Amino acid sequence: APQAPSVENPPEADCMLGIGKGYRGKKATTVAGVPCQEWAAQEPHRHGIFTPETNPRAGLEKNYCRNPDGDVNGPWCYTTNPRKLFDYCDIPQCESSFDCGKPKVEPKKCPARVVGGCVATPHSWPWQVSLRRRSREHFCGGTLISPEWVLTAAHCLDSILGPSFYTVILGAHYEMAREASVQEIPVSRLFLEPSRADIALLKLSSPAVITDEVIPACLPSPNYVVADKTVCYITGWGETQGTFGVGRLKEARLPVIENKVCNRYEYLNGRVKSTELCAGDLAGGTDSCQGDSGGPLVCFEKDKYILQGVTSWGLGCARPNKPGVYVRVSTYVPWIEETMRRY
């Protein structure tokens, strides 16, 4: 089951976040409409595990529905029906309110493609996704763009395998992904961009719970072109060629290089399409490498980070005169929005 992070439920709200472990509302009837038994009472049902004494922090007051044991089905209570020990309660999910592209933790923005970048401040890029196969190893990056959708590179996916082979990890800083903030959610559907661009959408089997460590990035306006020399950031756990910080999320700042310049003979020599963008140090030394395929290139605009690129390809890794190439997300916003709306 997906690990539910510890999220603060709004005080007294009659709605729940995630599986409702933090629910402290006043619902006191089961789905069948039967009143709940008081947690402190021993009639009609005798019980010793979940009482206000044994679980003083679980909010077991009166006979309100609660989820003291983190049951995946949500809040429950002992019932006043002598023939039914316990039952679940019908509590709606809270509307998740979040601002896309606004981390709760300020990013380091280290000067220096991720080979020569630096270790990120934990959870400062809260839309960063680690894509895993059944083997559990990180093999590609991705970006959370709404509670139920992740954008990644098409070349990361093997369409023969189908969605059940993939899981996304959210809220991680360490590649091992064992922190309490981690949410692990199976993928339910894969959508490859129809014109065969190197971009794909993953629908999650259940929505991510938006927390301080898990926040979507914003999508750009359709067909927006990032100006030359705009400073943007890439993040990932990828191949770092013996450089420092393996296993922790890394970041690097990169200037965008306009296509006209990037396609010059001495750089990428006409290989970059208008639906792609270049970013990198023409001197070499920083770049996103294998293993960060599918990960984000975000640019700060006004007061938020906007996903402008999906890491796609590069010639080698952090080589002089060979900037990284990213899918230009703005080109595909109509397809992204249409797919999210239809499915």
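Start at 1 and count along the chain as shown; that gives each residue its number.
The backbone N, Cα and C atoms fix where each Cβ goes, and this holds for glycine too.
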### Swiss-Prot annotation, disulfide partner among Cys262, Cys278, Cys289, Cys299 for Cys232
Cys299
#### Entry: Cysteine of Cys89, Cys94 paired with Cys65 via disulfide, per Swiss-Prot
Cys89
### Task
Looking only at C-alpha atoms, tell me how far Cys36 (disulfide bond) is from Ser130 (phosphoserine), rounded to the nearest Å.
42
### Task
Compile a sequence-ordered list of residues in the same chain as Cys299 (disulfide bond), six or more apart from it, whose Cβ lies below 8 A from its Cβ; state 'none' when nothing qualifies.
Val226, Thr230, Val231, Cys232, Tyr233, Val256, Tyr305, Ile306, Gln308
### Task
According to DSSP, folded down to helix, strand and coil, what is Cys156 (disulfide bond)?
helix
### Summary
Cα nearest Ser293 (active site, charge relay system) among recorded positions (Cys77, Cys140, Ser221, Cys278) -> Cys140
### Query
Where does Cys262 (disulfide bond) sit by DSSP, helix, strand or coil?
helix
### Message
Give me the long-range Cβ neighbours of Cys89 (disulfide bond): same chain, 6+ apart, Cβ under 8 Å, in sequence order.
### Response
Lys27, Thr29, Thr30, Val31, Cys36, Cys65, Gly74, Pro75, Trp76, Cys77
